[in-house]
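> Structure below; questions to follow.
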(Lines of atoms letter the chains of each structure in order from A and count residues from 1; the text may use other names and numbers.)
(Lines give C-alpha, C1' and ligand atoms only; values in the text may rest on other atoms or scores of the structure.)
Protein backbone atom coordinates (compact mmCIF):
# COMPACT_ATOMS: atom_id res chain seq x y z
CA UNK A 1 0.00 0.00 0.00
CA UNK A 2 2.82 2.41 0.82
CA UNK A 3 4.30 2.16 -2.68
CA UNK A 4 0.87 2.57 -4.28
CA UNK A 5 0.14 5.68 -2.26
CA UNK A 6 3.54 7.13 -3.12
CA UNK A 7 2.93 6.44 -6.79
CA UNK A 8 -0.46 8.19 -6.62
CA UNK A 9 0.91 11.37 -5.01
CA UNK A 10 0.00 14.43 -7.06
CA UNK A 11 -0.43 17.35 -4.67
CA UNK A 12 1.70 19.09 -2.07
CA UNK A 13 1.18 22.38 -0.27
CA UNK A 14 4.48 22.95 1.59
CA UNK A 15 8.01 23.12 0.23
CA UNK A 16 11.22 24.06 2.08
CA UNK A 17 14.15 24.90 -0.17
CA UNK A 18 16.92 27.46 -0.55
CA UNK A 19 16.45 28.71 3.03
CA UNK A 20 12.85 29.75 2.39
CA UNK A 21 9.35 28.36 2.94
CA UNK A 22 7.07 28.04 -0.07
CA UNK A 23 3.32 27.68 0.52
CA UNK A 24 0.62 26.92 -2.03
CA UNK A 25 -2.07 29.59 -1.60
CA UNK A 26 -5.17 27.57 -0.77
CA UNK A 27 -7.43 30.62 -0.89
CA UNK A 28 -7.35 30.74 -4.69
CA UNK A 29 -7.53 27.02 -5.47
CA UNK A 30 -8.76 25.39 -7.66
CA UNK A 31 -8.81 28.28 -10.12
CA UNK A 32 -5.17 29.29 -9.67
CA UNK A 33 -2.06 27.55 -8.35
CA UNK A 34 -0.04 30.31 -6.70
CA UNK A 35 3.03 29.69 -4.55
CA UNK A 36 4.25 32.31 -2.04
CA UNK A 37 7.81 32.51 -0.73
CA UNK A 38 8.38 33.33 2.95
CA UNK A 39 11.63 34.36 4.61
CA UNK A 40 10.36 35.75 7.94
CA UNK A 41 8.37 34.44 10.89
CA UNK A 42 6.02 37.40 10.53
CA UNK A 43 5.21 36.35 6.99
CA UNK A 44 4.55 32.75 8.01
CA UNK A 45 2.31 33.85 10.90
CA UNK A 46 0.30 36.00 8.53
CA UNK A 47 0.02 33.10 6.06
CA UNK A 48 -1.39 30.92 8.83
CA UNK A 49 -3.76 33.60 10.10
CA UNK A 50 -5.12 34.43 6.64
CA UNK A 51 -5.42 30.76 5.64
CA UNK A 52 -2.87 30.72 2.84
CA UNK A 53 -2.03 27.46 4.60
CA UNK A 54 -4.65 25.56 6.62
CA UNK A 55 -5.20 22.16 8.14
CA UNK A 56 -3.82 21.39 11.59
CA UNK A 57 -0.78 19.31 10.53
CA UNK A 58 0.17 21.76 7.75
CA UNK A 59 -0.10 24.68 10.18
CA UNK A 60 2.24 22.94 12.61
CA UNK A 61 4.79 22.16 9.91
CA UNK A 62 4.67 25.73 8.59
CA UNK A 63 5.15 27.12 12.10
CA UNK A 64 8.22 24.91 12.59
CA UNK A 65 9.78 26.33 9.44
CA UNK A 66 8.71 29.80 10.60
CA UNK A 67 10.74 29.21 13.76
CA UNK A 68 13.79 28.40 11.62
CA UNK A 69 13.36 31.66 9.71
CA UNK A 70 13.02 33.55 12.99
CA UNK A 71 16.16 31.93 14.39
CA UNK A 72 18.17 32.83 11.31
CA UNK A 73 17.22 36.49 11.62
CA UNK A 74 17.68 36.70 15.39
CA UNK A 75 21.01 34.85 15.54
CA UNK A 76 22.35 37.17 12.84
CA UNK A 77 21.60 40.10 15.14
CA UNK A 78 24.19 38.86 17.63
CA UNK A 79 24.07 38.39 21.40
CA UNK A 80 20.86 38.00 23.41
CA UNK A 81 18.96 36.62 20.44
CA UNK A 82 16.95 34.02 22.36
CA UNK A 83 14.37 36.39 24.00
CA UNK A 84 13.64 37.92 20.60
CA UNK A 85 13.26 34.44 19.10
CA UNK A 86 10.74 33.58 21.82
CA UNK A 87 8.71 36.64 20.82
CA UNK A 88 8.65 35.32 17.25
CA UNK A 89 7.56 31.91 18.51
CA UNK A 90 4.68 33.54 20.38
CA UNK A 91 3.68 35.46 17.25
CA UNK A 92 3.45 32.15 15.40
CA UNK A 93 1.51 30.56 18.26
CA UNK A 94 -1.05 33.36 18.27
CA UNK A 95 -1.84 32.97 14.56
CA UNK A 96 -4.47 30.20 15.10
CA UNK A 97 -5.59 29.32 18.66
CA UNK A 98 -7.43 26.00 18.17
CA UNK A 99 -5.06 23.75 16.18
CA UNK A 100 -2.94 22.02 18.82
CA UNK A 101 -0.40 20.88 16.21
CA UNK A 102 0.77 24.48 16.04
CA UNK A 103 1.74 24.54 19.72
CA UNK A 104 3.09 20.99 19.59
CA UNK A 105 5.44 21.88 16.73
CA UNK A 106 6.67 25.09 18.38
CA UNK A 107 7.26 23.31 21.69
CA UNK A 108 9.22 20.65 19.87
CA UNK A 109 11.37 23.38 18.31
CA UNK A 110 11.93 24.94 21.74
CA UNK A 111 12.92 21.58 23.19
CA UNK A 112 15.40 21.01 20.39
CA UNK A 113 16.95 24.40 20.96
CA UNK A 114 17.40 23.62 24.65
CA UNK A 115 19.33 20.46 23.73
CA UNK A 116 21.88 22.23 21.52
CA UNK A 117 25.33 21.75 23.03
CA UNK A 118 27.92 24.47 23.38
CA UNK A 119 29.78 24.84 20.12
CA UNK A 120 26.99 23.31 18.02
CA UNK A 121 25.04 25.30 15.44
CA UNK A 122 21.54 26.08 16.81
CA UNK A 123 20.23 27.11 13.40
CA UNK A 124 21.26 23.81 11.80
CA UNK A 125 19.66 21.92 14.68
CA UNK A 126 16.38 23.80 14.30
CA UNK A 127 16.28 23.32 10.55
CA UNK A 128 16.87 19.59 10.94
CA UNK A 129 14.08 19.43 13.53
CA UNK A 130 11.61 21.23 11.26
CA UNK A 131 12.42 18.88 8.39
CA UNK A 132 11.97 15.93 10.76
CA UNK A 133 8.53 17.23 11.80
CA UNK A 134 7.58 17.51 8.13
CA UNK A 135 8.81 14.02 7.23
CA UNK A 136 7.28 12.40 10.31
CA UNK A 137 3.87 13.80 9.40
CA UNK A 138 4.22 12.28 5.95
CA UNK A 139 5.06 8.90 7.46
CA UNK A 140 2.15 9.21 9.89
CA UNK A 141 -0.18 9.86 6.95
CA UNK A 142 0.92 6.64 5.28
CA UNK A 143 0.42 4.63 8.46
CA UNK A 144 -3.00 6.13 9.20
CA UNK A 145 -4.13 5.52 5.63
CA UNK A 146 -3.46 1.81 5.94
CA UNK A 147 -4.92 1.52 9.45
CA UNK A 148 -8.09 3.33 8.42
CA UNK A 149 -8.54 1.20 5.31
CA UNK A 150 -8.07 -1.92 7.43
CA UNK A 151 -10.74 -0.67 9.84
CA UNK A 152 -13.21 -0.16 7.00
CA UNK A 153 -12.55 -3.69 5.78
CA UNK A 154 -12.92 -5.08 9.29
CA UNK A 155 -16.43 -3.69 9.69
CA UNK A 156 -17.71 -3.65 6.12
CA UNK A 157 -15.64 -5.19 3.38
CA UNK A 158 -17.97 -4.33 0.52
CA UNK A 159 -18.09 -1.12 -1.52
CA UNK A 160 -18.40 1.97 0.67
CA UNK A 161 -20.19 5.27 0.21
CA UNK A 162 -18.35 7.83 2.33
CA UNK A 163 -19.17 11.35 3.49
CA UNK A 164 -16.35 13.73 4.41
CA UNK A 165 -16.12 17.32 5.61
CA UNK A 166 -13.72 20.22 5.02
CA UNK A 167 -10.34 19.28 3.52
CA UNK A 168 -8.09 16.68 5.09
CA UNK A 169 -5.90 15.73 2.16
CA UNK A 170 -2.41 16.53 0.97
CA UNK A 171 -3.24 20.24 1.12
CA UNK A 172 -3.87 20.03 4.87
CA UNK A 173 -0.86 17.94 5.85
CA UNK A 174 2.76 17.20 5.08
CA UNK A 175 1.86 14.15 3.01
CA UNK A 176 -1.21 12.35 1.74
CA UNK A 177 -3.83 13.46 4.17
CA UNK A 178 -5.58 12.23 7.29
CA UNK A 179 -9.22 11.42 6.50
CA UNK A 180 -8.59 11.76 2.75
CA UNK A 181 -5.51 9.56 3.15
CA UNK A 182 -7.76 6.78 4.46
CA UNK A 183 -10.18 7.36 1.60
CA UNK A 184 -7.29 7.23 -0.89
CA UNK A 185 -6.04 3.94 0.53
CA UNK A 186 -9.53 2.44 0.60
CA UNK A 187 -10.03 3.49 -3.02
CA UNK A 188 -6.76 1.87 -4.08
CA UNK A 189 -8.01 -1.33 -2.43
CA UNK A 190 -11.28 -1.18 -4.37
CA UNK A 191 -13.52 -0.36 -1.40
CA UNK A 192 -14.84 3.10 -2.36
CA UNK A 193 -17.90 3.41 -4.56
CA UNK A 194 -18.36 7.16 -4.06
CA UNK A 195 -17.30 10.02 -1.81
CA UNK A 196 -19.72 12.78 -0.90
CA UNK A 197 -17.91 16.00 0.02
CA UNK A 198 -19.59 18.68 2.12
CA UNK A 199 -18.97 22.08 0.54
CA UNK A 200 -17.92 23.34 4.03
CA UNK A 201 -19.02 26.93 4.36
CA UNK A 202 -18.02 29.68 4.57
CA UNK A 203 -14.55 29.03 3.11
CA UNK A 204 -15.76 26.18 0.87
CA UNK A 205 -12.80 23.90 1.56
CA UNK A 206 -14.87 20.93 0.45
CA UNK A 207 -15.87 22.33 -2.92
CA UNK A 208 -12.61 24.15 -3.67
CA UNK A 209 -10.08 21.70 -2.24
CA UNK A 210 -11.46 18.25 -1.40
CA UNK A 211 -13.46 17.80 -4.58
CA UNK A 212 -10.43 19.03 -6.56
CA UNK A 213 -8.04 16.61 -4.86
CA UNK A 214 -10.34 13.60 -5.26
CA UNK A 215 -11.23 14.37 -8.87
CA UNK A 216 -7.53 14.74 -9.74
CA UNK A 217 -6.97 11.18 -8.52
CA UNK A 218 -9.99 9.70 -10.28
CA UNK A 219 -11.90 8.98 -7.07
CA UNK A 220 -15.67 9.30 -7.68
CA UNK A 221 -16.80 12.42 -5.81
CA UNK A 222 -20.10 14.25 -5.49
CA UNK A 223 -20.28 17.70 -3.92
CA UNK A 224 -23.19 18.46 -1.60
CA UNK A 225 -24.45 21.36 0.47
CA UNK A 226 -23.59 21.02 4.15
CA UNK A 227 -27.29 21.06 4.98
CA UNK A 228 -27.89 17.98 2.79
CA UNK A 229 -25.74 15.66 4.93
CA UNK A 230 -28.51 14.08 7.03
CA UNK A 231 -30.65 13.60 3.92
CA UNK A 232 -27.72 11.87 2.23
CA UNK A 233 -27.36 9.48 5.16
CA UNK A 234 -31.03 8.61 4.90
CA UNK A 235 -31.26 8.23 1.13
CA UNK A 236 -27.83 7.52 -0.40
CA UNK A 237 -26.55 4.62 1.69
CA UNK A 238 -23.71 6.44 3.45
CA UNK A 239 -21.69 3.83 5.36
CA UNK A 240 -18.95 5.99 6.91
CA UNK A 241 -18.41 9.61 7.85
CA UNK A 242 -14.64 10.17 7.84
CA UNK A 243 -13.22 13.47 9.11
CA UNK A 244 -10.02 14.97 10.46
CA UNK A 245 -9.39 16.89 13.68
CA UNK A 246 -7.75 20.09 14.86
CA UNK A 247 -7.58 19.03 18.51
CA UNK A 248 -8.47 15.86 20.39
CA UNK A 249 -8.72 16.02 24.18
CA UNK A 250 -7.77 13.44 26.78
CA UNK A 251 -11.28 11.97 26.89
CA UNK A 252 -11.59 11.66 23.11
CA UNK A 253 -13.66 14.78 22.38
CA UNK A 254 -12.78 16.19 18.95
CA UNK A 255 -12.57 19.80 17.79
CA UNK A 256 -12.87 20.01 14.04
CA UNK A 257 -14.25 22.24 11.31
CA UNK A 258 -17.63 23.75 12.15
CA UNK A 259 -20.35 21.34 11.05
CA UNK A 260 -18.58 18.19 12.24
CA UNK A 261 -20.69 17.92 15.40
CA UNK A 262 -23.97 17.92 13.49
CA UNK A 263 -22.58 15.23 11.18
CA UNK A 264 -21.82 13.04 14.18
CA UNK A 265 -25.32 13.53 15.61
CA UNK A 266 -26.91 12.66 12.27
CA UNK A 267 -24.59 9.68 11.82
CA UNK A 268 -25.54 8.28 15.21
CA UNK A 269 -29.25 8.63 14.37
CA UNK A 270 -28.85 6.86 11.03
CA UNK A 271 -26.49 4.11 12.20
CA UNK A 272 -23.58 5.42 10.12
CA UNK A 273 -20.08 4.80 11.47
CA UNK A 274 -18.05 7.90 12.35
CA UNK A 275 -14.24 7.86 11.99
CA UNK A 276 -11.80 10.61 13.02
CA UNK A 277 -8.30 10.47 11.51
CA UNK A 278 -5.49 12.57 12.98
CA UNK A 279 -1.82 12.23 13.97
CA UNK A 280 -1.01 11.84 17.65
CA UNK A 281 0.35 15.41 17.63
CA UNK A 282 -3.30 16.51 17.44
CA UNK A 283 -4.06 14.85 20.78
CA UNK A 284 -3.81 17.21 23.76
CA UNK A 285 -3.56 15.06 26.88
CA UNK A 286 -3.27 18.21 29.01
CA UNK A 287 -6.84 19.17 28.13
CA UNK A 288 -9.42 17.02 29.90
CA UNK A 289 -12.39 17.52 27.60
CA UNK A 290 -13.77 19.55 24.76
CA UNK A 291 -15.37 21.94 27.24
CA UNK A 292 -11.91 23.46 27.74
CA UNK A 293 -11.19 24.16 24.06
CA UNK A 294 -11.07 27.79 22.94
CA UNK A 295 -13.09 27.99 19.73
CA UNK A 296 -11.76 30.49 17.22
CA UNK A 297 -14.27 32.88 15.66
CA UNK A 298 -13.56 34.63 12.39
CA UNK A 299 -14.71 37.92 10.93
CA UNK A 300 -18.47 38.08 10.52
CA UNK A 301 -18.02 39.58 7.07
CA UNK A 302 -17.30 36.06 5.83
CA UNK A 303 -21.03 35.44 6.34
CA UNK A 304 -22.51 38.91 5.95
CA UNK A 305 -21.12 39.75 2.52
CA UNK A 306 -22.52 38.17 -0.62
CA UNK A 307 -20.91 39.13 -3.91
CA UNK A 308 -19.12 41.97 -2.13
CA UNK A 309 -22.41 43.40 -0.80
CA UNK A 310 -23.39 43.40 2.87
CA UNK A 311 -26.70 41.61 3.39
CA UNK A 312 -28.06 43.91 6.10
CA UNK A 313 -26.67 46.77 8.14
CA UNK A 314 -28.34 45.59 11.36
CA UNK A 315 -27.55 41.88 10.95
CA UNK A 316 -24.95 40.29 13.21
CA UNK A 317 -22.99 37.12 12.42
CA UNK A 318 -21.90 34.15 14.52
CA UNK A 319 -18.92 32.62 12.72
CA UNK A 320 -17.14 29.93 14.77
CA UNK A 321 -14.45 28.07 12.85
CA UNK A 322 -14.71 24.84 14.83
CA UNK A 323 -17.10 22.84 16.97
CA UNK A 324 -16.59 20.00 19.44
CA UNK A 325 -17.87 16.48 18.82
CA UNK A 326 -18.29 14.50 22.07
CA UNK A 327 -16.39 11.22 22.26
CA UNK A 328 -19.56 9.19 22.70
CA UNK A 329 -20.57 10.03 19.12
CA UNK A 330 -17.29 8.73 17.67
CA UNK A 331 -16.81 5.12 16.57
CA UNK A 332 -13.04 5.30 16.07
CA UNK A 333 -10.07 7.64 16.25
CA UNK A 334 -7.28 6.56 13.89
CA UNK A 335 -3.72 7.75 14.58
CA UNK A 336 -0.27 6.58 13.51
CA UNK A 337 0.06 4.99 16.96
CA UNK A 338 -3.01 2.84 16.42
CA UNK A 339 -6.80 2.92 16.56
CA UNK A 340 -9.04 3.76 19.50
CA UNK A 341 -12.57 2.43 19.06
CA UNK A 342 -15.28 3.99 21.24
CA UNK A 343 -12.79 6.49 22.71
CA UNK A 344 -12.76 7.46 26.37
CA UNK A 345 -10.18 8.72 28.84
CA UNK A 346 -8.72 5.29 29.62
CA UNK A 347 -8.43 4.24 25.98
CA UNK A 348 -6.87 7.54 24.96
CA UNK A 349 -4.29 7.27 27.74
CA UNK A 350 -3.46 3.72 26.66
CA UNK A 351 -2.94 4.88 23.07
CA UNK A 352 -0.66 7.75 24.04
CA UNK A 353 1.45 5.56 26.32
CA UNK A 354 2.65 3.54 23.34
CA UNK A 355 6.27 4.30 22.54
CA UNK A 356 6.31 2.87 19.04
CA UNK A 357 4.10 3.22 16.01
CA UNK A 358 1.38 0.66 15.53
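Quick reminder: no glycine exception, Cβ is built from N, Cα and C everywhere.
The structure displayed is predicted, hence computed values, not measured ones.
The active site, proton donor feature in Swiss-Prot is assigned to 246; the stated evidence is sequence analysis. The substrate binding site annotation in Swiss-Prot covers 54, 55, 56, 96, 205, 256, 257. Feature annotation from Swiss-Prot assigns site 'Transition state stabilizer' to 166.
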> For the C-alpha pair, I'd like the distance in angstrom between residue 256 (substrate binding site) and residue 166 (site 'Transition state stabilizer'), rounded off.
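The separation of the Cα atoms works out to 9 Å.
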> Tell me the Cα distance separating the residue listed as 'active site, proton donor' from residue 56 (substrate binding site), rounded to the nearest angstrom.
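Cα of residue 56 (substrate binding site) to Cα of the residue listed as 'active site, proton donor' measures 5 Å after rounding.
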> Calculate the distance in Å between the alpha carbons (Cα) of residue 54 (substrate binding site) and residue 166 (site 'Transition state stabilizer'), and round it to a whole number.
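Residue 54 (substrate binding site) to residue 166 (site 'Transition state stabilizer'), Cα-Cα distance: 11 Å.
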> Run through the Cβ atoms and count how many others sit within 10 Å of the one on residue 56 (substrate binding site).
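That number is 28.
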> Secondary structure at residue 54 (substrate binding site) (DSSP, helix/strand/coil)?
coil
> Take the mean position of the Cβ atoms of 54, 55, 56, 96, 205, 256, 257, the recorded substrate site. Which other residues of that chain put their Cβ within 8 Å of it?
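Near the substrate site, beyond 54, 55, 56, 96, 205, 256, 257, sit 59, 99, 166, 167, 172, 244, 246, 321, 322.
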> Which ones are near residue 166 (site 'Transition state stabilizer'): of the recorded positions 55, 96, 205, 246, which have a Cα within 10 Å?
55, 205
